[in-house]
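Features as listed in TrEMBL:
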| type | residues | note |
| --- | --- | --- |
| DOMAIN | 74-143 | domain 'Copper amine oxidase N2-terminal' |
| DOMAIN | 161-256 | domain 'Copper amine oxidase N3-terminal' |
| DOMAIN | 304-706 | domain 'Copper amine oxidase catalytic' |
| ACT_SITE | ASP375 | active site, proton acceptor |
| ACT_SITE | TYR460 | active site, schiff-base intermediate with substrate |
| MOD_RES | TYR460 | 2',4',5'-topaquinone |
Amino acid sequence: MNLKAVLILLGLALATIFALVCVLLTRERGPRSCQHLPPEQEDTEDGQSLVFADLTPEEMSQVVRYLQGQLGVPLVEASRARPWENCIAWVDVQVPAKAEVLRFLDGGGARPPREALAVLYFGKQAEPNITEYVVGPLPTPAYHRDVTVQKYGGRLPYHRRPTLAVEYKQIGAFLKSQVFPSAPAFMQQVMEYDGANLAVVTAAPRGFRSGDRVTWFVLFQNVSGFFVHPVGLEVLVDHSSLDVSQWAVSRVFYNGQYYRDMAELERAYVQGQVSVEKVRKAPWDGDFSSMKARAGAAALFPVQFEPQGRRYSVSKNQVLFQAWSFAFGMSVSAGLRLFDIRHKGERVAYEISVQEALSVYGSNCPGGMSTRYMDRSFGLGRYTSPLVPGVDCPYLATYVDTHSLSDSLRPEKRKASLCIFEQNLGSPLRRHYSNLQSLYYGGLVNSALVVRSITTVGNYDYVWDFIFYQNGAIEGKVQATGYPSSSFFHGDGLRYGNRLWEHTLGTIHTHFVNYKVDLDVGGVKNSLVAHDMAFEMTRAPWSPEQQIERPRLTKKVLDTEEQAAFRLQSKTPRYIYFAANSKNKWGHQRGYRIQITSFAGDHIPEASSMERAISWARYQLAVTRRKEEEPSSTSIYNQNDPWTPTVAFADFINNETITNEDLVAWITAGFLHIPHSEDIPNTVTVGNSVGFLLRPYNYYDLDPSIYSHDGVFFTSEQDFTACEINRLACLPKTASCLPNFPPFTYDGFRNM
């Protein structure tokens, strides 16, 4: 081999070695996988939180089998039940009495027996009725007891039963097979009806007096986002009879005119006496109501990750986060709820739960003007929807499956229907920059833990959040999105909303949400105290001829339930707090303050025949004595019989003393929604968020967040680029890593 060839080979070898070294060095400098550290608060789960746990699918099935074998009556699958048959409507956990639970949690007492609550419809009886049974002990039931009379003071009439999905199907079949064929020319020429191109939405309540089950059904084009595609036709169906063959049409409405039935509408149409407003047929994607993005792909939106792993833990139904611990659950009817909420090991609340979501509509169409939706009766927990990672919650959140048994004999799994995550809110929780005398910066990132579920009830989506802050504050928040409900635009429609499209009237409506907050501040016994301000006039001591107006603190103990019931639009003391029997270092009663964020519309007039069913909405805040016989501000049975409400919250307020008692705060937040063109294709959450804060008020001797590991402090004399002085200086090292994003999955379209 000649010298030239040797030199060429040697050069190639050196180039190869150089390239390999570059690759290795590049790899070493490249991002590494994020290294997860153990949570700051170790999991100490001892099973106590399971006293509040939702039923497992196995327990639900055991309850069904027990009832099938022990009641001595045939039970039909609820998804196939006819009105005159017996069925199990739903099954949920029966949370034990508070006194029993506290003896177990705090006093070393026995664990309360685990029980279920089953709601049954008995249509096949001499007197059809709704019956509630407590079944236990789980997991192997051996007894059941009828608690209906004990809970409600009497039997529950059958007409109050929440409407099963199968009843809606039966009404749909009735419309399709008997009602629409009686107007063949109108349905074909005006509606272009082909048996599948119309969707039906129910109004509620169903009539004007107890015993009625007469419902307006509003028709829409059956396309994506059909809620904003009304066609002008509405049908009033009397389905009060348990014999489906006896169902009948009571009235028909089309484009501002009322008709006795479809046959009368047909005769008028054939004779040219109907003012026809034909709606342009929408494509299957809904056209203007389609939620498909109108823009192409672009740079990815910001995402959040935890460079050193999650700083919270979830074990079964318990969450630990820094100084916080609590148990969570999902009621079939009421949705998200929390129990045994503790900060720094001390219980501050026994229960925080959603109670109801109410909407009252206005319209010049019958379905819209008669609608007062009480969503608990439909099931705020039952209709909790699977969550989409990266949109509904941060992609790397912890996702929890929930289960329910309703309208079926088999449990239903809703995969990833609850999420838990820590969120950097992008702003300081507190901070100060000092440029006077001493030079320093001190601050704390506002990083909070969020528990979230999203309920989709018909057209609306409610985003439910409970948020835990490092300073000991808790926030309950709901954001509304989804589609606005609409009416057919005609006549004086603009008195009741805004025109959103050619034939679409976005109808004015109110949203009211009610929460139960059972605070236990420094113990079970609390009092309610109001602090506020007033200006007083005084002479300047150093210059008596001059007057000074100065604010001073006003204080008042609210002794009775009447004093603690604040009407919706009334002036409320700015500081209202639950006061403990203990004091902090500075001699103040330890307390937790209630602060409400609400933009509520007006409550329905109390002269209304159905107002007592929603009388909780009279009050932005009402504090009452806690009673086991008053577990909720409303009932699932109020929707279909609001004229004789099963639970009337107004009765809770009866002037009892509330000084040094176990108290509950009932909080109502809401907003008025006048749909506008920007609600097309659907409503955004921005500006449609209401709720409340629970904030320490002299509960601690100083802000507990000062003990957070996230604090940042440095002076002008320190090397703030050093990690040991300033944690932020370490970010290029600690946060320059590749998070593990699992493959995207979604189970929201299974088993539909």
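Cβ coordinates are placed from backbone N, Cα and C, and glycine is handled just like the others.
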Composition by DSSP (helix, strand, coil) of residues within the domain 'Copper amine oxidase N3-terminal' (161-256): 30 helix, 29 strand, 37 coil
Surrounding CB atoms that lie within 10 Å of the CB of the residue listed as 'active site, schiff-base intermediate with substrate', all protein chains: 22
Distance [Cα-Cα, Å, rounded] between the residue listed as 'active site, proton acceptor' and TYR460 (active site, schiff-base intermediate with substrate): 10
DSSP-assigned states of the domain 'Copper amine oxidase N2-terminal' (74-143) in counts, ordered helix, strand, coil: 9 helix, 27 strand, 34 coil
Number of Cβ atoms other than its own within 10 Å, given for the residue listed as 'active site, proton acceptor': 24
